[in-house]
Amino acid sequence: MTVFCELDSGGELPEYTTPGAAGADLRANIEEPIALLPGQRALIPTGIKAEIPEGYELQVRPRSGLALKHGITVLNSPGTIDSDYRGEIRVILINFGDSTFIIEPKMRIAQVVLSPVVQATFVVKQESLAETARGSGGFGHTGAS
């Protein structure tokens, strides 16, 4: 499926690094390195604007290597880029690591996955919701061990 893009100066198209990759890497479109202190977050430009086909979204996800080795992740993971958004794709990175992390120009900072979207119709139900074995137990209360 084709996703048409516009690139700002220095921007690069998302790129799949292997034939079986689900996510295409996004690069930091910055001129100077950015120091991300432990606990700090930053909005990183990619220099990419996308025309996402209707009925799809781009999900912005962390790169596993950055998360494992440095504690760097996408704060609102997965971030959603809606099909009607035409602004620059930017990535909210946060440093959960113990040391300062340097984001270098052109560094691969996140990945995007093209995903289908199904919109629900939300309706107020006049009678009680159907009962389940789980009931209202949430946040670690599935009953599974």
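Using N, Cα and C of the backbone, Cβ positions are placed for all residues, glycine too.
Swiss-Prot lists ARG63, SER64, GLY65, ASN76, THR80, ILE81, ASP82 with the feature substrate binding site.
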Inset, instruction - Run through the Cβ atoms and count how many others sit within 10 Å of the one on ASP82 (substrate binding site). - result: 11
Inset, instruction - Could you tell me which three-state DSSP class ARG63 (substrate binding site) falls into? - result: coil
Inset, instruction - Would you count the other C-beta atoms found within 10 angstroms of the C-beta of ASN76 (substrate binding site) for me? - result: 12
Legend entry - Neighbouring C-beta atoms (10 Å sphere around the C-beta of ILE81 (substrate binding site)): 22
